[in-house]
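Per TrEMBL, the feature domain 'Major facilitator superfamily (MFS) profile' maps to 1-361. Taken from TrEMBL, the feature transmembrane segment covers 6-26, 38-59, 65-87, 99-117, 129-146, 167-186, 198-220, 232-251, 263-283, 304-323, 335-357.
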Amino acid sequence: ELTGRAIQGVGAALIAPSALTLLMMLFGHDPKELTKALALYGAAAPAGGTAGVFLGGLITEYLSWPWIFHINIPIALAALLATGPLMPAGRSQRGPIDVLGTLTVTLGLGTAVYAIVRAPETGWASAQTWTTLAIALTLLTAFLAIQARHREPLMRLSIFHTPNLAAANLTQLLLGGAWIPMWFFLNLYLQQVLGYSAFPSGAALLPMTVLIMIGMITLAPQAINRLGPKPTTITGLLLLTAAMAWLSQISPNGDFTTDVLPASLLAALGMSLAFIPSLGTAISSARPEEGGLASGIVNTSYQVGSALGLAAMTALAAANGSSRTGDLPALTNGFSAAFIGAAGIALTGALIAAATLRTRTTAPADAAGG
């Protein structure tokens, strides 16, 4: 199972930055067209994610759980066959693979996540927790040292000198750290407290997903054009903060229409307004020839934030009772703590975006070309 998940991760790591790079190649010359393309790209992720949860629940309930893996095979084959005819050809550049850098960053992040997840059981002040975190820090420090000295590094550190790129990536990291835990614990609340089975819990996420898609495709581009990327990003993160705080008020005797639906829709609106402008700022801040690197970095930032945020909120929830299966008040208290923690992450993202993102007066593509 672990080997299969690792191979899945490698595939996703190759696809995500390639997709963003392709968008930059095709639409980077026109900021408005790039915003529209990123909106469609952003909307595809929640649509696919919810479709997976929805169909996964349906398959699990009416077939059997192994089929959730089998069904991916024809989908992947169809996508692979469509790639050749539909995707434009690009120039290939061969270079050495930074194996040592890849190993140190992968092991470092994995060790950090492991330490955070295990901390509620071993104790935050225990020698095991601190030793594991020290190993993670050592590996990540080694990764940075390797990147600074390697002739063909996995991540060229000087790219972070580009205005707005580091700030936008930090915003994406915190956005992932807030959003993914919310999605995860909302689903757990539906199933473990409200008693929804897999299929109804997936269906319950559909309203939120539909609003995210509408927000990313229509509202976010309009807000960016009228207000600019920075105010739109900050507004989205503040709305997400409010939604998390609202969700933290969940009750053991709650109801979907009052405890979940309104707050989840507000969260969807916040996510749609924060994700598109911060993503666009991150990849369009770099020079065109660095688009691939910038795309890889921003995707990594979001994924790392998601992993660390989920690990931290899982530990926080467990410390507040979420591990007591069947005890509805304890479960609710744990999930509520996770929502409060996620609200803190989103608020931190809003404050950092307000302090560090710069307001552009010229389009990134034009500035790069001029």
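Each residue, glycine too, has its Cβ placed from N, Cα and C.
Nobody curates TrEMBL annotations by hand; they come from automatic prediction.
A Cβ distance under 8 Å defines the sequence-distant neighbours of the transmembrane segment (65-87), meaning residues of its chain 6+ beyond its ends; these are 22, 55-56, 59. Computed over the domain 'Major facilitator superfamily (MFS) profile' (1-361), the whole-number mean pLDDT of the model equals 83.
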